[in-house]
Each structure stands twice: as C-alpha cells, then as structure tokens.
C-alpha cells in the first residue's frame with residue numbers, strides 16, 4: 001500500500017526546468033548570483049592577461065649599428081647628429097640598411113663620425129642593431145628587422161585559443177565547470193610565469209602557444225558560471241557584463257605594462273596573483289546546471305538550498321524533486337537523426353546559406369576587433385594610453401548593444417555596427433598624421449562599432465540555428481572566426497608597404513559582413529527555433 005502511494009506521488013511530480021525555478025522561487029538575480037558574478041569577474045579579468053604579448057613583443061624603433069663610429073652595444077644614443085652620414089635618412093621608425101664603410105683604417109667616435117668613412121652610393125644590410133628602448137623581447141633577443149618573427153607571438157597566441165576549445169569543453173563537461181576554471185587559470189599563471197624566464201625567442205614562442213592552448217579556457221569557463229546561474233531576464237546583461245569585465249582586464253593589462261616596463265617583471269606581476277584562484281575550489285560551488293545534468297542530485301540539493309538561504313527565498317519540495325527527476329527517455333530522444341548534420345545542411349538551401357554566411361561575420365569581427373587593439377600601439381608614442389583607450393571604449397559598446405538589440409532589432413544593430421566601424425577605419429587612413437586627436441577619436445569610434453557587433457553576434461547566430469544543431473554550428477562559426485584573430489597580429493607588418501593597408505582591410509571586411517547581414521532574416525520577436533522547419537520559417541511572411 002505504501003509503495004502504491006509513493007508511486008502515485010512520484011507520478012504527480014513533473015520534471016521542471018531550472019529557469020522556471022529561478023523565475024518563480026529562487027530569484028533570477030539575488031545576492032547569491034551577485035556574489036558569484038563578483039567572484040568570476042576576477043578570472044575574467046585575468047583571462048585578458050594572455051594579450052600581454054602586445055607589450056612584451058612590442059615593436060621597438062631600431063637601426064643599424066655603426067661599429068666604425070664607436071657603437072659597441074645595442075643601447076647607445078639612437079639619433080646622433082652624424083647618423084645621416086652613415087645610413088639613408090629613415091622614412092619610418094626603423095631601418096634595415098646602411099652605407100657601406102670604406103676600406104680605411106681611420107674610425108670615428110660616438111661624438112664625431114664623418115661622411116668620408118662611408119660610400120653613400122652603396123647600401124648594405126645591417127648585421128647588428130641599435131634600439132630606442134630595451135623593454136621588449138625585440139631588444140632582448142635582437143629581433144631587429146625580423147618583423148615577421150616578432151608578430152608570430154600574436155599569431156601563435158590566437159592559434160592556441162583555437163586549440164583550447166576541445167580541451168576545455170571536454171574538461172568542463174567531464175569534470176565540471178569549477179575544475180575547468182581552476183585548471184585553466186593555474187595553467188595560465190604557471191606557464192606565464194615560466195615564460196618570464198625565457199632564455200631565447202624560440203622558448204618564448206613555444207611557451208606562448210602552450211599557455212593559450214592550456215590556459216585560454218579561463219574566459220569561457222568563467223563566462224559559463226556568469227550565464228548559467230542567472231535567470232533568463234538577466235542573461236543578456238550578465239553576458240555583456242562578462243565581456244566588459246574582460247575589457248577591464250585589458251585596461252589593467254595596459255596599466256601594469258605602463259607602470260612596470262621591463263617585460264619580464266611585467267609578466268610576473270600579471271601572472272603571480274592568478275595562483276590565488278586555486279582557492280576557488282573551496283570558495284566556489286559547482287555549476288548547478290552541470291550537477292543536474294550529471295544527476296549528482298545530493299550536491300545539487302545542497303547548492304539549491306544555499307541559493308535559497310542567501311537570497312532569502314524558498315524552494316518547494318515539489319520543485320526540488322522536479323529538478324532532481326532524470327529526463328524521460330522517449331522514442332524520439334533515443335532515435336538518432338538518419339541524415340546527420342552534414343546531409344541536413346546540404347539538403348536545406350536556407351541552412352546551407354547561413355552556414356556559409358555566419359563564419360564570415362565571425363572572421364571579420366575577430367579580425368577587426370583584435371587588429372584594432374594590436375595596431376593601437378602604433379598610433380603615437382604613448383602606446384600604453386592608446387591601448388587603454390582602445391580597449392576601454394569596448395565597455396560602452398557592449399552595453400549599447402544590450403540597450404538597442406531588443407528595440408531596433410538584430411539586423412539593424414549588426415549591420416549598422418559593421419558599416420560604422422568600416423566608415424571609421426577608412427576615414428582614419430586619410431586623416432593627416434599631425435591631427436593626432438582627430439585620428440584617435442575616429443580610431444576609437446571604429447573600435448566602438450566592432451565591439452557593439454561582438455556582443456550582438458553571439459545572440460544573432462544562436463537564434464538562426466535550430467536547437468538540434470545550435471551549439472555545433474555556433475561553435476563552428478566561432479572556430480572558423482579564429483582565422484581573423486590569427487591573421488590580425490600580422491597586419492602591422494603591412495604598414496611597411498603603405499600605412500593605410502590594415503585600416504583599409506578592416507573597412508573592406510566590415511562592409512562585406514555588413515552586406516551579408518542583410519541577406520539573413522530578422523529574429524527579433526521570434527522564438528528560438530527548435531526544429532529545422534522552425535529555423536527555415538524565420539523571416540517568412542505570416543499568412
């Protein structure tokens with residue numbers, strides 16, 4: 001009889017969704033969620049420190065060393081009065097050639113070096129260099145006139161962020177969000193600290209790609225904590241706050257690099273505090289959604305009761321049991337799709353067009369976003385302030401997207417952001433170099449536009465694909481988009497041919513993506529598509 005009653009009670013309990021419990025009982029954003037947002041904001045800030053190569057491998061003005069004039073080290077006076085006697089007049093901050101020395105026994109000095117010592121009709125390549133500063137690996141490892149080798153640090157950094165995706169995803173899904181976060185930050189800190197003691201440039205590069213491959217999961221792991229615990233009403237705002245916190249980390253990075261200019265000490269100052277995140281194993285509770293998905297119900301119950309206590313709310317026993325109920329096994333859930341993803345894509349012209357279009361948006365966004373951050377250091381001599389301003393402008397860009405996405409729609413927001421950034425980048429090319437304030441304002445406006453796009457792109461891409469394939473195709477678009485971040489560090493090299501090439505590339509790509517946005521339907525006011533038919537129906541006229 002008792003067993004029969006229990007079965008009836010169990011039958012009355014329906015499986016409930018965590019979002020419903022957050023909305024109706026626990027609270028969508030209470031003190032518990034606020035505390036977690038503050039906690040995860042610290043690793044979100046630290047995840048920006050992997051971009052320190054912008055300063056540790058920064059370009060330094062350099063020229064040929066002239067031993068005939070008494071120059072016997074890499075750090076002597078950079079612009080002596082006699083310099084044009086020994087080499088052609090420099091048209092940029094660096095030069096890679098000098099006049100051939102005459103075969104005479106007389107030498108000059110650091111104070112006096114006559115033109116008679118050199119044959120100005122013949123130039124030869126430098127065999128050693130003098131640098132304007134010593135706070136970069138360019139000086140430390142003597143990389144003068146090896147611009148491709150210098151920017152390789154940024155390219156390998158981006159390659160590592162691509163390689164980390166499957167690693168972090170496996171650790172996060174297998175061992176939990178908290179473990180993935182702690183391991184990522186620990187790797188970030190340990191390998192970053194070791195890199196501060198690099199004895200040659202090959203070691204520096206190897207540790208660069210190793211650090212991002214094993215530590216770049218810091219952002220995604222912390223981002224999941226921020227997004228999974230708040231209710232639906234606060235999710236977009238939590239997302240913008242997480243990306244804004246990353247931008248704040250970049251501001252801190254620029255400030256530390258400004259204050260601590262020896263590159264080895266700068267790297268140590270950034271990464272040593274990261275070891276404190278190990279304490280999160282005892283401070284931070286595991287993601288409630290992950291615990292429920294793994295059916296670790298006792299641990300989930302403890303966390304849910306803690307949320308209710310901190311938020312001063314209650315969760316009913318019926319809701320608690322509904323959350324603990326394993327998902328029902330149905331014939332539909334057991335049956336696997338016969339066609340598979342690839343066959344489905346090629347059978348649906350609409351889906352195929354979207355799969356070919358969305359990665360282009362992602363490539364453009366990462367290319368322009370990271371390209372503007374990297375090239376900001378060449379705006380003027382105040383490279384640190386330029387970088388700080390360029391990354392700080394992202395914060396209003398992120399929140400502007402939150403404000404207008406649900407008001408004017410996804411397509412107008414994204415397309416306008418691309419076109420605005422393109423206009424600013426193209427206009428920047430034609431502003432005279434002596435109008436430094438105008439150049440800076442237009443440059444920052446271009447970064448504002450692409451930052452607005454960056455936040456909006458996650459939402460719009462996910463709304464175009466059906467639930468069955470959403471995560472896979474969003475990840476595919478993001479992964480292909482890494483092509484942009486991989487090539488962005490190479491753009492400063494192009495300025496040796498013409499100063500406007502990087503900005504024109506940014507503008508051209510943004511115009512292309514702005515036009516491609518217009519080929520897709522508006523998703524504002526539509527529900528997230530669950531099936532392929534739902535996804536194909538988006539944007540069709542309702543009869």
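Every residue, even glycine, has its Cβ placed from backbone N, Cα and C.
Feature annotations, courtesy of TrEMBL:
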- 36-55: transmembrane segment (TRANSMEM)
- 105-525: domain 'Major facilitator superfamily (MFS) profile' (DOMAIN)
- 179-197: transmembrane segment (TRANSMEM)
- 203-225: transmembrane segment (TRANSMEM)
- 237-260: transmembrane segment (TRANSMEM)
- 266-284: transmembrane segment (TRANSMEM)
- 351-372: transmembrane segment (TRANSMEM)
- 384-405: transmembrane segment (TRANSMEM)
- 412-431: transmembrane segment (TRANSMEM)
- 437-460: transmembrane segment (TRANSMEM)
- 472-491: transmembrane segment (TRANSMEM)
- 497-518: transmembrane segment (TRANSMEM)
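Counting Cβ pairs closer than 8 Å to the transmembrane segment (266-284), the top stretch among 36-55, 237-260, 412-431, 437-460, 497-518 is 36-55.
Remark: the transmembrane segment (203-225) makes no contact with the transmembrane segment (384-405), by the rule of 3 or more CB pairs under 8 A. Recorded stretches compared: 36-55, 237-260, 351-372, 497-518; the one with the most Cβ pairs under 8 Å to the transmembrane segment (472-491) is 351-372. Among residues of the same chain six or more beyond the transmembrane segment (36-55), those with a C-beta under 8 A of the stretch's C-beta atoms are 135-136, 153-154, 157, 181, 184-185, 188, 192, 208, 211-212, 215-216, 218-219, 221-223, 225-226, 229, 238, 241-242, 245-250, 252-254, 257, 263, 266-267, 270-271, 273-274, 277, 280, 283-284, 373-374, 377, 383-384, 387.
Mean predicted confidence for the domain 'Major facilitator superfamily (MFS) profile' (105-525): the pLDDT average there is 83.
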